[in-house]
Amino acid sequence: MKKLIRIEYLKLRKLKSLRAIFLIYAVISPLAIYAISSFITNFMGPFLPKDWSALQFPDVWPIAVYASSYFNVMMGVLAVIVISNEYNYKTFRQHVIDGLSIRQAIFSKFLVLLSFSLIITLYTFITGLIFGLVNTTSDATVLEGVESIAYYFLQTLCYFSFAFFLTVLLRKTAVSITIFILSFISETILGLILAYGGFQLIYAFMPLNAFSKLTPFPILKEMIAAGQERSGNVPYILDTPINFALCLAYMLVFFLIAYFTLKKRDL
Amino acid sequence: MNEILSTSGLKKSYKNTHALKDLNISVQKGQIYGILGPNGSGKTTTLGILLGVIKPDAGDFNWFENGSLDENRQNIGALLETPNFYPYLNAVDNLKIVAEIKSLKNISVRIQKVLERVDLWERRKTKFKAFSLGMKQRLAIASAILADPEVLVLDEPTNGLDPQGIAEIRSLILNIAKEGKTIIIASHILDEIEKMCTHVAILKDGSLITEGTLDELMLQEKILKINADNPQKLLDCIAEITDINLVRSEDDGILISVNEKTSAAQVNQMIAEKGIYLNALAVHRKNLESTFLEIINQ
C-alpha cells in the first residue's frame with residue numbers, strides 16, 4: 001500500500017489543477033462557514049432553536065460540514081480529472097505493462113480518493129475547531145456534535161465513488177464532468193417533480209439526495225416542523241442510521257461497478 | 001532456457017471482427033523478432049495480449065518457459081503504441097514513477113544511466129509535453145530498459161519519426177540487442193524490420209502467414225529480371241511455362257520468380273525451347289518488401 005501511495009504522490013504533486021482546487025477549497029471553505037452561519041443567524045430567526053449559537057460548539061459542527069459540502073461537487077470534478085487523466089495519457093495501461101496488477105492500479109485510485117476525503121475532512125474539522133474555540137462562550141465541549149465530521153467524511157467518499165463510477169464508464173474528462181454536474185441538477189428536478197406528486201419518499205432514497213442529507217441544512221428539522229404545521233407537504237427525511245446505511249450501500253455499489261468494469265475491460 | 005515466449009492458439013475478436021485467429025509463435029533468446037503486417041493485421045492486439053492489457057478470447061501464452069506474465073513483468077520492458085507518460089512531469093519524474101512501480105533500488109543512478117543512454121540526460125528537467133516525438137520515443141525506450149529487462153517489446157518504435165530519428169532509434173535498439181537482450185518489434189515499416197530483425201512473423205487479417213529467419217523468408221523463391229526483343233511474346237511464353245511465375249512487368253524488363261533451386265541458365269533454356277531468345281537476364285535482389293507483398297497478396 002505504501003508503494004501505491006508513493007506512486008500516486010509522485011503523479012499528483014505537480015498537477016496544477018489539483019493544487020488550484022485544493023487552494024480554492026482552503027480559502028473559500030472557511031468563508032462559506034462564516035457566511036452561512038451569519039445568514040442563518042440574521043435571516044432565519046423564527047426557525048432558530050432557543051440555545052442556538054452559530055459559531056460555537058456544538059452548533060459550529062453542522063454548519064461547518066454543511067458549508068463544506070457545497071465544495072463536494074468541485075472536489076468530485078477533481079476526482080474525475082485525476083482518474084480520467086489516466087485514460088487520456090494511457091498511463092493506466094502503461095502502469096499495468098510496467099508491472100502493476102490491474103487490482104493494484106484500481107486500488108491506487110481508491111487510495112487517492114480516500115486521501116482526498118481525509119484531507120478535506122481534516123481541514124473542515126480544523127476550521128470548525130478554530131471557529132468553535134475562538135467563539136464558544138458556553139460550557140459545551142469540543143466533542144459535542146462532532147459526529148457531523150464523520151458524516152461529512154462519508155459524504156465526500158460517496159461523491160467520489162459516484163465520480164469514479166461515472167469516469168470509469170465514460171472515460172472522457174469533459175463528458176464525465178458534464179454528466180457529473182448534470183446529475184445533481186437532474187436529480188434535483190426529478191425530486192421536485194416527485195415531491196409535487198407526493199412521492200417524497202422515493203426522492204429520499206435517490207443517491208445524490210441521500211448523500212446530501214448526510215450533512216443537512218443545520219436547522220432543517222426545525223424548518224420541516226414549521227412547514228408541517230403550515231402546509232403538510234414537506235421533504236421526507238430518512239432517519240440518520242437508515243440514510244447512513246443507504247449512502248454506504250450506494251458508495252459500495254458505485255466503487256464495485258467501477259472496479260469490475262475496469263477488471264473486465266481491455267485497457 | 002532458450003524459449004523466451006511461446007503462444008498457443010491465441011484468438012481475439014472485437015464485435016464482428018476477428019483481430020487474431022489462432023496465433024502460434026515462438027521467440028527464442030537473443031532474437032530480434034519482428035511482427036510484420038499491414039495496419040489492422042493484429043500486431044498491436046498480439047502485443048497487448050502478451051503484455052496483459054488485452055484479454056484473449058482463447059489460447060494461451062508463456063513467458064520464459066511456463067512462467068506467467070505477472071511472475072515475469074520485471075524481465076519485460078515494453079512500449080505499446082505511443083509513449084505514455086504524464087505530460088506535466090519531466091523525464092526524471094516520469095521515470096521515478098516507473099521505478100516505483102518496478103520496485104527498483106538505486107533509482108537516481110538507474111535513471112541517469114538510461115537517460116544518458118538514450119541521449120536525454122541534458123533534457124531531464126524538460127516536461128514530457130515539450131518533447132519532440134523522437135525524444136518521447138527515446139524516453140519510452142529508457143523507461144522500458146530501466147529495470148534492465150531480458151526482453152524488450154516495442155510496438156512501432158519508429159512510427160512518425162523523421163529519417164534521423166529513425167536512425168537513432170534503430171541504432172539504440174541494435175545496441176541493446178548486442179547485450180544479448182531479446183527484442184520483439186511490431187511494425188509495418190518493412191525497411192526497419194529488414195535492417196533490425198533476425199526473425200520475422202508476417203500477420204495478415206489476424207492470421208500468421210509465415211514465420212522464420214529473414215533469409216528463410218527471402219530465399220524461398222528466386223527473382224529474375226528478363227527481357228526479349230518482343231516483350232509481349234515473352235509474356236505469353238512465360239504464361240505457358242508452369243515453373244516460371246510472373247511477378248510484374250516493368251519498363252526495362254519482366255520480373256519473374258522461380259524455385260530457389262532453378263538456375264538462370266535453366267530459365268534461359270526453358271524460354272529458348274519456346275522459341276524466344278532473351279536479350280537480358282539478371283538475378284534480381286529480393287528484399288523484404290517484395291517478399292512481404294507477395295505473401296500478403298497470395
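The count begins at 1 with the first shown residue.
A Cβ is built for glycine as well, from the same backbone N, Cα and C atoms used for every other residue.
TrEMBL: automatically predicted annotations, no manual curation.
Noted in TrEMBL for the protein shown:
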- A:20-40: transmembrane segment (TRANSMEM)
- A:60-83: transmembrane segment (TRANSMEM)
- A:110-134: transmembrane segment (TRANSMEM)
- A:149-170: transmembrane segment (TRANSMEM)
- A:177-206: transmembrane segment (TRANSMEM)
- A:242-262: transmembrane segment (TRANSMEM)
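Contacts between the transmembrane segment (A:177-206) and the transmembrane segment (A:60-83): present, as 3 or more C-beta pairs lie under 8 angstroms, all at sequence separation of six or more.
For the transmembrane segment (A:60-83), the list of distant contacts is 12, 15, 17-18, 21-22, 24-25, 28-29, 32-33, 35-37, 40, 54, 109, 112-113, 116, 120, 124-125, 127-128, 131-132, 135-136, 145-146, 148-149, 151-152, 155-156, 159-160, 162-164, 166-168, 173, 176-177, 180-181, 184, 212, 214-218: same-chain residues at least six beyond its ends, Cβ to Cβ under 8 Å. Sequence-distant contacts of the transmembrane segment (A:20-40), counting only residues of its own chain at least 6 positions beyond either end whose CB sits under 8 Å from a CB of the stretch, comprise 48, 54-55, 60, 63-64, 66-68, 70-71, 74-75, 77-78, 119-120, 123-124, 127-128, 131, 218-219.
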